[in-house]
Structures are given as C-alpha cells and as structure tokens.
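Everything on this sheet refers to the single structure shown next.
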Amino acid sequence: MANIKVAESAGFCFGVKIAVDSAVEAGKKFGKAFTNGPIIHNKQVVQFLEGLNVKELKSYDQLKRGDTILIRSHGVPPKTERMLNQLGVNVIDATCPFVKKVHEKVKQLVEEGYYVVIIGEEGHPEVIGILGHLEEAGGKGIVVENMEDLIRKFPRRNKVGVVAQTTQNEEFFEEAVGYIASNVEELKVFNTICDATSVRQEEVKRLAKEVDVMIIIGGKHSGNTRRLAQISKALNPNTYHVEKADELDSEWFKNAENIGVSAGASTPDWIIKEVVERIREITG
Ligand code: F3S
C-alpha cells in the first residue's frame with residue numbers, strides 16, 4: 001500500500017470560505033441571488049449553489065432593482081461598484097480582505113507618485129479589479145505575466161512601485177522585483193501575495209521533492225491551481241493536475257511508494273477526500 005501525504009494547506013482558503021458561505025447564506029435568506037461570474041473555479045460548487053438558486057450573472061443587464069448580487073473574492077473595479085449601487089441592487093461584498101489590501105497599496109503608490117507594475121495574469125478578474133483601482137486613483141501602470149513580458153514592457157520611469165496578484169508565484173515575483181530593482185532609481189515593493197498562497201506553494205515545493213508522484217487537484221481554469229501544478233512539475237515531473245477522482249490513471253502510480261496530494265484554494269474538502277480514496281483503491 002502506497003503512502004499518501006495530503007498537504008495541510010490543501011483546499012479552500014480563508015477568502016474562498018467567506019465567499020462560498022456568503023453565497024449559501026444569500027441563497028437561503030433571499031431565495032435567489034447572483035454572483036458576478038463563477039464564485040470559484042469549481043464546477044461542483046457552482047452546481048451546488050445553483051441548487052440554492054444562486055446563479056452566475058451572464059451580464060449586468062440581467063439585474064433588476066431589488067435583486068441581490070454577491071461580489072466574489074476577486075473584487076471588482078470601483079466603477080462596477082458604483083454602477084451596482086445606481087441600479088439599486090442589494091450588494092454583498094465578498095471581496096477577499098487580501099485583495100482589498102492590494103487595492104489600498106495601489107492607491108498609496110499612486111499618491112506617492114509611483115508608476116505601478118502589477119505582477120499578475122492579464123485579464124484575470126482580480127487583476128481587472130486592481131487595474132480599476134489604479135485608474136480610479138489617477139495612476140498609470142502595467143500588468144506583467146512573466147519575465148519576457150516584463151522586459152518587453154519595461155517602463156522608462158524613475159519611480160516604480162510593485163504589487164502582485166494575491167495568488168502569484170513567489171519565485172516569479174522575486175525574480176521580477178530583482179530585475180526592476182536594477183533598472184530604476186527608486187523602487188517601492190509591496191509583496192501582496194496572500195499568506196494562504198505562500199504557505200500552499202511552500203508546502204507543494206517540499207512535498208514534490210519527497211514523493212514519487214504528485215497529484216494537484218483543482219479546476220483547470222483556476223489560476224492558483226495551475227500555478228501549483230507548474231511549481232510541482234518543475235520539481236517532480238510525475239505531477240498530474242486533475243479536477244476530480246475519475247481522471248486518475250492507474251498507470252501514474254505504478255511502482256509509486258510515496259504519493260503527495262495538494263489542491264488549489266477553490267477545491268472543496270469532499271473532492272480532495274474522493275481523490276485520496278480513489279488513489280487508495282488504485283494503489284491497493
Ligand atoms: Fe484571498 Fe488568498 Fe484566498 S487572496 S481568496 S485568501 S487565495
């Protein structure tokens with residue numbers, strides 16, 4: 001029987017718990033509510049919420065006065081908040097406090113005269129929200145996704161401030177900051193990667209080196225899960241990213257004595273349990 005080690009940090013983070021609990025409460029209290037996009041990148045949880053009549057909004061045009069909308073943990077630009085207030089809808093703000101901290105730091109950097117570099121994924125809802133706060137504060141900046149992107153877009157500015165999308169890869173963040181530091185006169189850095197992300201990434205690094213096979217569980221569209229899988233794969237080529245138990249292939253576990261398991265911030269505990277159970281069955 002193989003030895004299965006499940007990362008302590010696997011599964012729902014604090015911010016996702018707040019968002020999912022608020023959505024369940026909204027469904028029960030109002031009998032109907034919307035979320036501004038999938039509440040988390042997990043189909044099973046989205047389906048569960050649909051059962052409570054909490055549905056993903058396809059367009060803000062769908063909203064009518066008196067409707068309830070939950071802003072998910074990624075946050076939104078200030079102009080979206082204003083628009084929702086003008087529509088007269090009931091807004092439940094489940095923006096993660098760590099994401100709100102990025103908004104505050106961006107505002108501070110703009111007030112202090114910095115050009116802002118956001119280390120994050122272009123087009124990700126959290127980054128769209130951060131850019132909205134940058135614009136609101138009257139600042140200018142760019143989003144960089146990788147070193148190539150940073151070098152290509154590098155601003156000719158003397159004062160540069162840096163923040164990160166909360167779920168960014170720590171190593172890329174450090175590399176990017178090092179590059180910026182050697183190319184500007186003045187630099188101010190806020191490492192806004194949230195604690196839940198740093199702890200999870202560190203644990204995956206440790207586990208990936210110790211085991212024969214690593215399984216990372218989470219939505220294929222979940223950025224933080226994909227980054228976990230990349231980090232693990234770089235250290236252990238026998239890394240597989242699955243959304244649920246029936247994707248596991250027995251071939252992966254041939255001769256494996258130690259198996260590591262971790263999961264993204266939007267993966268519910270019951271899915272992790274199902275995957276671990278299935279690995280037990282496969283490995284006898
Ligand atoms: Fe918040 Fe970090 Fe989770 S930003 S939503 S605690 S991954």
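Cβ coordinates are placed from backbone N, Cα and C, and glycine is handled just like the others.
Record check: TrEMBL places H41, H124, S222, N224, S266 at the isopentenyl diphosphate site, and the matching candidate among H74, H103 is H74. Around the Cβ of S266 (isopentenyl diphosphate binding site), a 10 Å sphere holds 26 further Cβ atoms from the protein chains shown. The recorded positions listed here (H41, H74, H124, E126, T166, S266) include S266 as those with a Cα within 10 A of the Cα of C13 ([4Fe-4S] cluster binding site).
Contact annotation for recorded positions (C13, E126, T166, C194) versus ligand 1: C13, T166, C194, each with CB under 6 Å from a ligand atom. Those same-chain residues not listed among H41, H74, H124, S222, N224, S266 yet with C-beta within 8 angstroms of the centroid of the isopentenyl diphosphate site C-beta atoms are I40, T167, G219, H221, G223, T225, G264, A265. Using a 10 angstroms CA-CA radius around N224 (isopentenyl diphosphate binding site), none of the recorded positions in C96, E126, C194 qualify. C194 ([4Fe-4S] cluster binding site) and H74 (isopentenyl diphosphate binding site) are 12 Å apart (CA-CA, integer value).
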